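*Asks:* Quick one: the structure is below, and I'll ask about it shortly.
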Amino acid sequence: MAAGRHGGYRDYEARERELDAEASRRSKEQQHHHHPSGRHQRGDSDPRCEADRRRDGGRSRGGRELSNGYGHRRSPPPRSRLSARLGDREPGEVLSGSASDDSGGRPHRARENGVSSSSRDGESVVAASASSPSKKRKFSPIIWDRDSPKPMHSDVAKGKKAVDSVPTELPLPPPPPLPPQDHIPERLAVEKSPMDVEPAVASESPEQLQEHAESRVMEEEEEYSTMRNISTSRWAGANDDEEEGAPHRKKKSASPADSAELGQRKKALSPELGEVVASDISGGRTMSRSSDSGRLGADENEDLEVDKDDYMDVDRDDDGNSDIANHQSGMDSEYEVRRSETPEPVKPPHRCINMLQGCRSVDEFERLNKINEGTYGVVYRARDKKTGEIVALKKVKMEKEREGFPLTSLREINILLSFHHPSIVDVKEVVVGSSLDSIFMVMEYMEHDLKGVMEAMKQPYSQSEVKCLMLQLLEGVKYLHDNWVLHRDLKTSNLLLNNRGELKICDFGLSRQYGSPLKPYTQLVVTLWYRAPELLLGTKEYSTAIDMWSVGCIMAELLAKEPLFNGKTEFEQLDKIFRTLGTPNEKIWPGYAKLPGVKVNFVKQPYNRLRDKFPAASFSGRPILSEAGFDLLNNLLTYDPEKRLSADAALQHEWFREVPLPKSKDFMPTFPALNELDRRTKRYLKSPDPLEEQRLKELQGNIGNRGLFG
């Protein structure tokens, strides 16, 4: 079949000369044929059969050569030669299809070739073409239709115009391999034998034959378009029509002169009554196909010319010719309708890799003054040049980091950007400086921190003012714990105040998310004065109770205007706690004996002397606290973490509902804002910072995961 597929392309001229000589000889022999109907039957012993096969095979291959897009492009022969050859040709020879040398007994489609061609020749001999079974012509099998696209249907539609053609060799790229034989469309697998078709041909009138031919042309068109898309979409270029699912590579046109009939496309624009819209199975394009058998010659030629020029247009696209724009500007209706009906997939959005591309520059802010500098970074007061808003710029310290961006700052940015609560400081955005080493967090500006305010105050807060501040603190801590976040560094210097009486929790550098069951964490968290006893004793599994201990220490500091436990070391801190609250034991703190730091001998003090520091009534200037207030403070400073009060339970405590009631935020005392110099001169007593302790141990080479008693 390979020889039949491509071999006839190069010896066309020799075959045509031989066929012309045989055509005149056959015209004489036709008159002496013994069959009464005048229709020739192909015999195995007839010396003319081999010439018929060669001529029919050449013509079948020539038809495919005209349209398959794999080989050479052909031009239609002159009309004088066509008319002369039509007179010499038998009426039934057009229907012989592809004459291959390898088969003799398989049936061929009679309606596809015999009926349509004879109806267009208009000869009455075909109407009486019923023959005896003994001398019936044997048709060649449709081997070509299984392996390659259908012959160009323009030959069938034009009738006398394009029965035969002369090959024209053009320098084209070598043909790609054809699809495999086992990939056969379902439409082409159904064939009819001549025994089933020819009796109906003999009894029909020429008008009926014409209608049958028209319907066969439309069926051919459907089969051809489907086969064309299946066989050629596999070889389409990757850069052609990327937006469409499967690019289409069209077949070559018959002649450049066919483009002159583009103006006739308007008749085939809209489908008439009874037309069916068939979808190409490989390209996603819809093509309007007609099932009406009443449309004849001129309309067929117009439709076929549209398809032919459609193929030529895409060939120009594939070949990269420069006249694409001129051709497309002259196109009408059907090709554009087909293109417009194709839903183009939406392109995926362009994804950026630079994570800091959307960050603003720090130059868009005007620095006013330096507020504070601590372990975690430097804080500036600045003004947004666009909006005029006063904000706080916290610069992340990068010079001490050996492994990239600081983990503490990453956690803080991640948590604060995901939280929004009135009692938690709001981080608006992250801005960058001239390099990646200068990164700033833009936060809302708060005039004071609680520690600086208390140092500036001459008198401690009243109980109503303490209740107002404690309610805001507990609401913020409850929000954190409800979202599975441990702050792990609650202290008065991390509580910000403004002149509207609002309190906000800040500095989430040590905070982290936790889960259930608990996982071991480092105990080097929380500033020493506010660190829970279980952390001081070396436990690694802790939960929200460590934050509630810090809340209790803050409450006591608000009432007394000084820290409750101000030890300088872990041992001294535990000693101060035990002297005030009593030495714990297994009875009041289950699991206490298993803690790592219990091996050290502490002072044995069995009494809780917290009430002595916060009496109900005082004549010596000590801070007073009601029974309900003392109960709340005592439950917050419980040794056993399981019995320690939670934030939700603390908010429901009766102390907040007794007289004096919490003061409104609007009536809270205000203070002038302090700059960095004022803060440094006012702070005489500074609590040890856990990160400073850890950095000091790293410098000394004594990095440990255990506490003092490990």
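Sequential numbering from 1, following the chain as shown.
Backbone N, Cα and C define each Cβ position, glycine as well.
Per Swiss-Prot, the features are:
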REGION    1-350  region 'Disordered'
COMPBIAS  8-30  compositional bias 'Basic and acidic residues'
COMPBIAS  31-40  compositional bias 'Basic residues'
COMPBIAS  41-64  compositional bias 'Basic and acidic residues'
COMPBIAS  124-133  compositional bias 'Low complexity'
COMPBIAS  144-163  compositional bias 'Basic and acidic residues'
COMPBIAS  170-182  compositional bias 'Pro residues'
COMPBIAS  183-195  compositional bias 'Basic and acidic residues'
COMPBIAS  209-218  compositional bias 'Basic and acidic residues'
COMPBIAS  299-308  compositional bias 'Acidic residues'
COMPBIAS  335-344  compositional bias 'Basic and acidic residues'
DOMAIN    365-656  domain 'Protein kinase'
BINDING   ILE371, ASN372, GLU373, GLY374, THR375, TYR376, GLY377, VAL378, VAL379, LYS394  ATP binding site
MOD_RES   THR375  phosphothreonine
MOD_RES   TYR376  phosphotyrosine
ACT_SITE  ASP489  active site, proton acceptor
MOD_RES   THR522  phosphothreonine
*Asks:* Going by C-alpha positions, which of the recorded positions (ILE371, GLU373, THR522) is nearest ASP489 (active site, proton acceptor)?
*Replies:* THR522
*Asks:* In the three-state scheme derived from DSSP, which category covers the residue listed as 'active site, proton acceptor'?
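*Replies:* Reduced to three states, the DSSP call for the residue listed as 'active site, proton acceptor' is coil.
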*Asks:* Distance check, please: Cα of GLY377 (ATP binding site) against Cα of THR522 (phosphothreonine), rounded to an integer number of angstrom.
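*Replies:* Checking the Cα atoms of GLY377 (ATP binding site) and THR522 (phosphothreonine) gives a distance of 22 Å.
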*Asks:* When you rank ILE371, GLU373, VAL379 by Cα distance to THR522 (phosphothreonine), which of the binding-site residues ends up on top as the closest?
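*Replies:* Comparing Cα positions, the candidate nearest THR522 (phosphothreonine) turns out to be GLU373.
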*Asks:* Since the record lists GLU373, ASP489 as recorded positions, which of them has the fewest other Cβ atoms within 10 Å of its Cβ?
*Replies:* GLU373
*Asks:* Mean pLDDT over the domain 'Protein kinase' (365-656): what is the value?
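*Replies:* Within the domain 'Protein kinase' (365-656), the model's average pLDDT equals 89.
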*Asks:* Give me the count of other Cβ atoms within 10 A of the Cβ belonging to ILE371 (ATP binding site).
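*Replies:* Within a 10 Å radius of the Cβ of ILE371 (ATP binding site) lie 22 other Cβ atoms.
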*Asks:* Which residue, of the recorded positions GLY377, VAL379, THR522, has its CB surrounded by the fewest other CB atoms within 10 A?
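*Replies:* Taking GLY377, VAL379, THR522 as the recorded positions, the minimal 10 Å Cβ count falls on THR522.
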